[in-house]
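Visitor: The following feature annotations were taken from TrEMBL:
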type	residues	note
TRANSMEM	41-60	transmembrane segment
TRANSMEM	127-148	transmembrane segment
TRANSMEM	155-171	transmembrane segment
TRANSMEM	208-239	transmembrane segment
TRANSMEM	251-269	transmembrane segment
TRANSMEM	379-398	transmembrane segment
TRANSMEM	410-430	transmembrane segment
TRANSMEM	442-461	transmembrane segment
TRANSMEM	467-486	transmembrane segment
């Protein structure tokens, strides 16, 4: 009897052991810090308090002192879609910004909750800028926390120099924002977060959550900018696990979670933009953007036979180039696609190797000589990479015995990253222009990757005594630095002045929209080229009785919805001839040229009003009518 009971107990204990072994992986994943000793818990709490206490108060103070502005018009157009001023209701189809982030921001505009940390606007809260600020503050906080955990010494100086680096390197881009640089920043922060996390911690739930928030937000903001970071993220994960990469389930668990999230986002956006209207729009918009932003349309005189074959006159081609195509009676998206296909056939057919060779000089010119970005962002990337050379040599001489495989892996990691940075500069030079936001993005990536390499090299030395500084000495050094004035105050004041000037010059569109809002019985068409500056962050553009003569949102399903709500089929001559329809331009313009009219005998125009705007500018209000003989 006792033998039977003992045998049953043994079998039961074996089953329990097998169950515990089978669930050990998930048990570790969801019980991240149960093995931490008390000193590790204390360090965790101290580092978290330091990270939050460094970033949050500083950013709150800066956001109250410095004005936000948009770098490009695209951000203002995105806000008009998200906040409902375009179609009348908040909409997540922001085209550039992907779901689910666009849906979340649109929902915030719809619900408009009362939160303490928001960016105000004339009609309530600018949730687009607020979401960006919260994401960047979150990124700064978690990365600082990871850096403090990584070095585990000199915490006070690290927090100070971290803040100083932000002020000098990224603060101008933070306040003069655009979705492209925001995506690049979040992507680079996800790289730094991955690099500074320990391999036994990265796969744990809260780390994966932070990495997921950074990565998903970067992808949703601008997927092309996140694609620039992905190769370095993969290399970082490989370097972190090295020989364990194919022997441990952890890196594959990390990649699996990221893959599932990426597939989910791709599926969601496929569903939200899956209609035929959106598919046709994306084909057209790609063709339009390629010619208007990169190559330009083929010259009419040199390609007259082609233009005549598709029924496009010289006046019509000028209208297409001048962003007034919504006013042209015979405009069609198919015509733009035909011109695009023809343009592609006229370009020299070069191999990939030839394109890369031709792009080297352009890449070098922009990398070394161009001065679109701030000097601190530009030169900090170079300084970090210059530091890598002597640090590599010293590490090679004195530390190669401290784990030979680790030493080899580190130099392979650095060499591969350097090669990829070189390739990405050439790729950008091959595939189009170099606007300021593109250069800011690649320079930030260059700085982040270089800094990561330096830290990996310093990891060979971090346990030596010369790198550790006592808290007392740190405080003394900090006091000396502050006394010398190297605290960024002059830099902050300079940025504050620049942003104030930009904000003062960004209110013209809101002033015109306010004029339109006072005449609700009329419709107004705004000449796109007359409004080159982005609208202001605080501007209210909810007046629904105005349209643009052409923009990247035109001929999208949202554009068709906007026209349909007002019972309008198009913005051509038939609409312009109505009694309550007007055109607004900056200064005086030949309105018939905007319309692409060849026969001017039947149409005439006259200025019926003038609008004084900020910056000593005036806008003319024109009425188009039939000629009376």
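Cβ atoms here come from the backbone N, Cα and C positions, even for glycine.
Looking at the shown structure, what environment does each listed feature sit in?
Guide: Long-range Cβ contacts of the transmembrane segment (251-269) within its own chain (Cβ-Cβ under 8 Å, at least 6 residues beyond either end) map to 29, 98-100, 202-203, 208, 211-212, 215-216, 219-220, 237-238, 240-241, 244-245.
A Cβ distance under 8 Å defines the sequence-distant neighbours of the transmembrane segment (410-430), meaning residues of its chain 6+ beyond its ends; these are 228, 231-232, 235, 239, 355-356, 358-360, 362-363, 366-367, 385, 388, 392, 395-396, 438, 442, 445-446, 449, 452-453, 456-457, 460.
Long-range contacts of the transmembrane segment (442-461) within the same chain: residues 150, 169-170, 173, 181, 184-185, 187-188, 191-192, 195-196, 228-229, 232, 236, 239, 373, 377-378, 380-381, 384-385, 387-388, 391-392, 395, 399, 402, 407, 410, 413-414, 417, 421, 424-425, 428, 467, each at least 6 residues beyond the stretch ends and with a Cβ under 8 Å from a Cβ of the stretch.
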Visitor: Which residues of the same chain, at least 6 past either end of the transmembrane segment (208-239), have a Cβ under 8 Å from a Cβ in it?
Guide: 96-102, 135, 138-139, 142, 179-184, 186-191, 193-195, 202, 245, 251, 254-255, 257-258, 261-262, 265, 409-410, 413, 416-417, 420, 424, 441-442, 445, 449, 452, 456
